[in-house]
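Asks: The following feature annotations were taken from TrEMBL:
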type     : residues : note
TRANSMEM : 32-52    : transmembrane segment
DOMAIN   : 33-481   : domain 'Major facilitator superfamily (MFS) profile'
TRANSMEM : 107-127  : transmembrane segment
TRANSMEM : 134-154  : transmembrane segment
TRANSMEM : 160-184  : transmembrane segment
TRANSMEM : 196-220  : transmembrane segment
TRANSMEM : 226-244  : transmembrane segment
TRANSMEM : 285-306  : transmembrane segment
TRANSMEM : 326-345  : transmembrane segment
TRANSMEM : 366-384  : transmembrane segment
TRANSMEM : 390-411  : transmembrane segment
TRANSMEM : 457-479  : transmembrane segment
REGION   : 486-526  : region 'Disordered'
COMPBIAS : 505-517  : compositional bias 'Basic and acidic residues'
Amino acid sequence: MARKVAEVTAPEGGGGGDGLGPRWQLWRRRRFVLASLAFWGLVSMYSTRINFSVAIVAMTSGSGACHRAALPANASAAANASANASAHAGECSERGEFDWDSRTQGLLLSGFFYGYLASQMPAGWLVARAGAAALLGAGIAGSALLTLLGPVAARVGGAPLLLATRIISGLLQGVVFPCLNAIWARWAPPLERSRLATTVASGCNVGTVIVLPLSGLLAAHVGWPSIFYVFGAGGVLWWALWWAQTADSPERDRRVSEKERRFIEEALGVDTATAKVSFHPWRSFFTSPAYLGKLVAHFCANWGFYTLVTQMPMYLKDTLGFDLRAAGFVSALPYVVMALLLQVAGHTADWLERRQLLNTTHVRKLFLCGAFVLQAGCLLLSTALLDPTAVVACLTLGVALEAFAYAVICVNTLDMAPLHASVLAGVSSTIANTSGILSPQLTGFIVRNKSAAEWRIVFYVTSGLYLLGATAFGIFGSAERQPWAEDGLIPAGDPPAPAPAPADADAKKPSRRDAGHDNAAADVAV
């Protein structure tokens with residue numbers, strides 16, 4: 001397929017370059033309406049994911065005085081929160097409705113995460129059949145409905161039925177990020193790609209910061225079932241808006257203006273905006289240095305992030321005697337700062353490209369490699385500091401700088417191969433999220449006596465992985481369209497290419513063979 005890439009330059013004047021008025025009038029642009037809805041979708045997704053770490057404390061230890069949960073980034077972090085709460089169960093004056101031991105609680109908390117890992121790779125394949133917008137909405141809405149059923153499942157079927165709802169909820173939410181990549185492949189002009197993606201991604205951090213204190217208040221004043229009902233209902237209401245307002249592409253959106261549709265198609269190139277995917281070149285994916293560099297960087301980013309956000313409260317307590325309750329509060333700071341820095345990173349990346357100060361590859365390498373090196377420095381510096389305030393500031397900055405790395409990770413598959421991005425993102429996210437299982441296990445293996453020397457080893461390992469990720473992406477990373485990016489694509493409106501026929505068969509059965517040509521490409525597996 002001939003490649004058609006539009007020449008995109010910086011818009012002149014104060015307009016947005018799309019003929020729709022000043023750039024700040026976001027409501028006139030359907031792509032930004034879509035981004036706003038996706039942002040709130042991620043807020044809802046994380047609220048139904050993380051609220052369980054607070055609910056299970058109230059379910060097993062009573063409400064109110066027994067509420068204590070750290071800020072989890074994933075199921076492993078939530079398990080740490082539960083363990084922290086259980087360790088202080090003697091302080092509680094009430095007994096919970098369910099008498100689940102710590103092993104059962106850990107299983108319930110980790111069930112979501114295993115389901116989440118299992119569905120991300122198939123999600124890229126499902127996108128081509130179900131549609132990205134519909135599949136994303138179904139994933140979040142289905143998880144919200146299961147959240148609404150949580151109290152009933154716990155009371156009727158006990159831990160086994162509740163565990164089933166958590167695993168299925170993880171399976172449903174696993175499709176979300178591959179779907180987002182497929183949506184931005186059709187909707188995001190290259191010079192707005194970082195801003196749109198980071199705006200949406202910050203919903204994860206905002207959802208985390210909102211849901212934990214609100215869940216604590218609900219548990220204390222209304223009862224633990226309200227945690228499930230409030231956030232589950234919120235997800236269903238969000239889905240109603242998403243279903244009514246979104247489409248997979250500008251071509252299918254009834255509300256998009258002709259100016260905006262034409263602007264997006266010209267920015268992406270007509271082929272990218274309208275082509276269909278018939279198959280994915282798997283061998284090319286795993287022999288591409290650019291993609292392999294991205295895989296390494298994504299794994300290292302997640303390892304560092306999970307290590308910091310899940311272990312920081314315990315590190316502060318073990319090495320500096322910092323009160324665990326205060327440490328739990330401090331754990332919220334990285335999420336707040338990271339949400340703000342994601343906006344800075346996305347806008348800055350697009351500005352550098354729009355002004356042609358750096359090309360896209362240089363921007364991606366500067367942001368990711370620079371963030372990793374600085375994060376490694378923050379970790380190493382924190383091991384030499386003795387003042388708790390300085391250590392907290394250093395570690396908070398280390399976590400928050402991840403925003404610049406994720407501004408690259410969120411969009412790099414779109415740079416390389418837009419119409420294969422959903423599959424590429426699913427594979428990358430699956431591999432990267434295994435760090436959420438491995439990192440806490442390695443930390444537990446190293447930190448046995450809770451000494452400062454043991455914690456230094458944990459931070460040395462994490463710093464080394466950050467430097468490994470920076471090196472791999474610095475050498476192999478790229479934002480250039482890859483040679484295999486258009487393998488398996490069929491331009492919209494074009495007939496499928498006929499399969500080549502043997503030369504000696506031409507003289508024997510021309511009419512029968514010719515009749516089969518039109519269906520040759522239909523048998524290609526996605």
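Here the Cβ of each residue, glycine as well, is placed from N, Cα and C on the backbone.
TrEMBL entries are annotated by machine, without manual review.
Bear in mind that the values here come from a model prediction, so they are computed numbers and not experimental data.
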Asks: Given pairs 6 or more apart, does the transmembrane segment (160-184) have at least three Cβ pairs under 8 Å with the transmembrane segment (32-52)?
Replies: yes
Asks: So what's near the transmembrane segment (134-154) in sequence-distant terms, Cβ-Cβ under 8 Å and 6+ beyond its ends?
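Replies: That would be 38, 41, 44-45, 48-49, 51-52, 55, 59, 98, 123, 126-127, 161-162, 164-165, 168-169, 172-176, 179-180, 183, 224-225, 228-229, 231-236, 238-239, 242-243, 246, 248.
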Asks: With the transmembrane segment (196-220) as the reference, find which of 32-52, 285-306, 366-384, 390-411, 457-479 contributes the most Cβ pairs under 8 Å.
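Replies: Counting Cβ pairs under 8 Å, the winner is 32-52.
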Asks: Report the listed stretch (32-52, 285-306, 457-479) having the maximum count of Cβ pairs within less than 8 Å of the transmembrane segment (390-411).
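Replies: Most contacts with the transmembrane segment (390-411): 285-306.
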Asks: Hey, which of 32-52, 107-127, 226-244, 366-384, 457-479 has the most Cβ-Cβ pairs under 8 Å against the transmembrane segment (285-306)?
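Replies: The stretch with the most close Cβ contacts to the transmembrane segment (285-306) is 457-479.
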Asks: Please work out which recorded stretch in 107-127, 226-244, 366-384, 457-479 has the most C-beta pairs separated by under 8 angstroms from the transmembrane segment (32-52)?
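Replies: Counting Cβ pairs under 8 Å, the winner is 226-244.
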Asks: Counting Cβ pairs closer than 8 Å, which of 107-127, 226-244, 366-384 has the most of them with the transmembrane segment (457-479)?
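Replies: Selected stretch: 366-384, with the most Cβ pairs under 8 Å.
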